[in-house]
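According to TrEMBL:
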type	residues	note
COMPBIAS	69-79	compositional bias 'Polar residues'
REGION	51-79	region 'Disordered'
REGION	633-653	region 'Disordered'
TRANSMEM	20-42	transmembrane segment
TRANSMEM	98-117	transmembrane segment
TRANSMEM	174-198	transmembrane segment
TRANSMEM	204-223	transmembrane segment
TRANSMEM	235-255	transmembrane segment
TRANSMEM	285-303	transmembrane segment
TRANSMEM	324-346	transmembrane segment
TRANSMEM	381-403	transmembrane segment
TRANSMEM	424-448	transmembrane segment
TRANSMEM	454-479	transmembrane segment
TRANSMEM	486-503	transmembrane segment
TRANSMEM	555-576	transmembrane segment
Amino acid sequence: MASGRSTLAESLRELYQFSVVDYCMFGAMLILSAACGIYFGFFKRNKGGDSETPESSSSDDESAHRTVTVASGSKRTKTTFGSSTMDEYLLGSRKLKAFPVAMSLVAGYISGVTILGTPAEIYNFGTQYWLIVIPILLMGVAVCTVYLPVFCSLKLNSSYEYLELRFSSSVRSIASVMFVIDELLFLPMIIYVPALAFNQVTGFNLYVIGAIVCVVCIFYTLLGGIKAVVFTDAWQVVVMFISVVVVVIIGTIAIGGPDVIWDRSVEGGRIDFFNFNPSMYERQTFWAVLIGGFFYWTSFNSVNQTMVQRYMSLPNLKKAKLSIAMFTVGMGVFVSVCCYAGLLLYGKYFECDPTTVGLVTTDDQLFPHYVMESVGKLKGIPGLFIAGVFGAALSSLSVVLNSTSAVLLEDILKGLFRVNPSPFVANVFVRGSVVVLGLAAMGCLFIIEKLGGILSVATSLSAIAAGTTCGIFTLGMLVPWSNTKGALFGGVSGALLSGWVSLGSQFAGAAGEIVPHKLPVSIDGCIEDLVTNVTMVNPVYPDESGVFPLYRLSYHWITPIGVTTVLIVGTIVSFLTGPRDLRHIDPELISPVIHRFLPQESFGNFGTASKNCGAAAPVIFCEEMQPHTNIASSSGTPYGTAVERNGQVTKSR
């Protein structure tokens, strides 16, 4: 009878296959993505002799351009490397707009992990994870007040350049290498998620689908650079949002309304927002989601190159803050929709769990299966949904390819190996890196097939690098007396401890020593052919008391462990090895929230560490730091105050 049940499952899948309209919508998404690369690669490039716009001539954009005098005595703007430069390719000449960048931030962060993993998380473990919206909002405040002003003031090409200015080249190299390794591990997961969804609804081979995603993404990222990435992300995020919202609305109406979904979720024990259990071993608790979620989201969005590179593509701090505000609100809304989709899944399958009866093989196939079963007969809707999932993957993949190639150029080639390539060589190196990284991601797909639970796996892998690097940046920006030895010892300690916890828990889970305690499901409402020879029994979970305690921790605690370890070890080592003399530190390297605690003498060093401020740096404060530098100088004039000298308004020293 087991074979009969398998045959029935296959027959049900055949009822919900892609129509011609669905394939057309999916194909249109791929074609439009490739077209963006062609447009920005060939028809929308900056020309060296273009006249300067008011926006690009502002003081906030001076680092992206230099003014040269021609024979006639007129002035024109020339980009750093000429036409189609690395400045344009990687940073969009720092002239992008706030809204497209905000949408790109949303699209880059939402990969298929969010669209498929979040509903499955709610379905299996309840609504406690929904409170992640609060840490998302707090993250936006932290990024705008603590980290962003420093990056906008320095105007760096890579966020990891800060670590060399603040500490040393060795700290920068360690952080950048960790970033590259982390992205290499995450790249195949980005591809695997949409391939899994497409396989669920079409039966296409995972590797063929993955290859298509990679080729299209490599193509438009290679040609158009960050402009193609940002503007492709902007319309892809619209497709993502519409696809999920349409499925949720149609599903809610079909099931009888939100009241039915809520009542069934309450009956099934899915509604739980205030689980105050202090145990750090439980997967989802109030404290784990709020504390761990804040550390994770802040770590990723504050200093990670994939995010900072797009912050730096904006002309000034004001627009960067506006972009982050829109990104924060957008993420909160999108995550909430995905969480509601999880309740919708349970409302649909509260009496017939698809996993138990073999209709799906992994939790991450739940949402695609629901789409095909519930709205599969509506031509175009499944295609729209899969296009949204693929759009999420393409946007995340393109961002990773673009930012990782920037790190390989700025931090590895130039920073670590001290090679200063010509513009042509740099161009070839960056674009070649995009191709190699994309192909490497394709080759690693088989690894992801062995892993289950995409959301926790993705969080665990990223937490190692994100927590450690964020800890080092936080040590530099918020602990002004920290030194290079403190950063090195703190960074190594944070990476080892968080890596030990993360990888140890993964190995323990793979060995069956730790099994997530899912909420109960039912098959009482399934048709008879599906439940033949299927007996529902209460799951027997292994005794975890013998497992090493750190391996049992919820994945939410991995990032806080990494960040706090770096801060504690880094601060202690800095004190033991001789704390930095605050009188000689450059305040531009310290977060503005700490400026009030710096000695008065330090503000005479403003800008001395920055390579972009030039000879005028010690006397002219960057706009991003002005509101925080009103400390009286020896002449009685506050540092950073505008004064008139020889008919020109400058900033007092």
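Keep in mind that glycine also has a Cβ here, set from the backbone N, Cα and C atoms.
Automatic, uncurated: that is what TrEMBL annotation is.
Ranked by number of Cβ pairs under 8 Å to the transmembrane segment (235-255), the listed stretches 204-223, 285-303, 381-403, 486-503 are led by 381-403. Proximity of distant same-chain residues to the transmembrane segment (381-403), defined by a Cβ-Cβ separation under 8 Å and at least 6 residues beyond the stretch ends, is recorded for 16, 18-19, 21-26, 28-30, 33, 90, 104, 107-112, 114-116, 183, 186-187, 190-191, 193-194, 197-198, 201, 213-214, 216-218, 220-221, 225-226, 228-229, 232-233, 236-237, 239-244, 246-247, 250, 305-306, 309-310, 368, 371-372, 375, 434, 437-438, 441.
Between the transmembrane segment (424-448) and the transmembrane segment (174-198), three or more CB pairs separated by 6 or more residues in sequence fall under 8 Å, so the two stretches touch. Within its own chain, the transmembrane segment (204-223) has Cβ neighbours under 8 Å at 30, 33-38, 40-42, 191-192, 194-196, 198, 229, 232, 390, 393-394, 397-398, 401-402, 431, 434-435, 438-439, 441-442, 445, 449, counting only residues six or more beyond its boundaries.
For the transmembrane segment (324-346), same-chain residues at least 6 beyond its ends with a Cβ under 8 Å from one of its own Cβ atoms are 98-99, 102-103, 105-106, 109-110, 114-115, 118-123, 127, 129-130, 132-133, 136-137, 139-140, 143-144, 148, 237, 240-241, 244-245, 247-248, 251-252, 255, 261-262, 264-265, 268, 270, 301, 311, 366-367, 370. Contact count against the transmembrane segment (285-303) (Cβ pairs under 8 Å) is highest for 98-117, out of 98-117, 174-198, 486-503.
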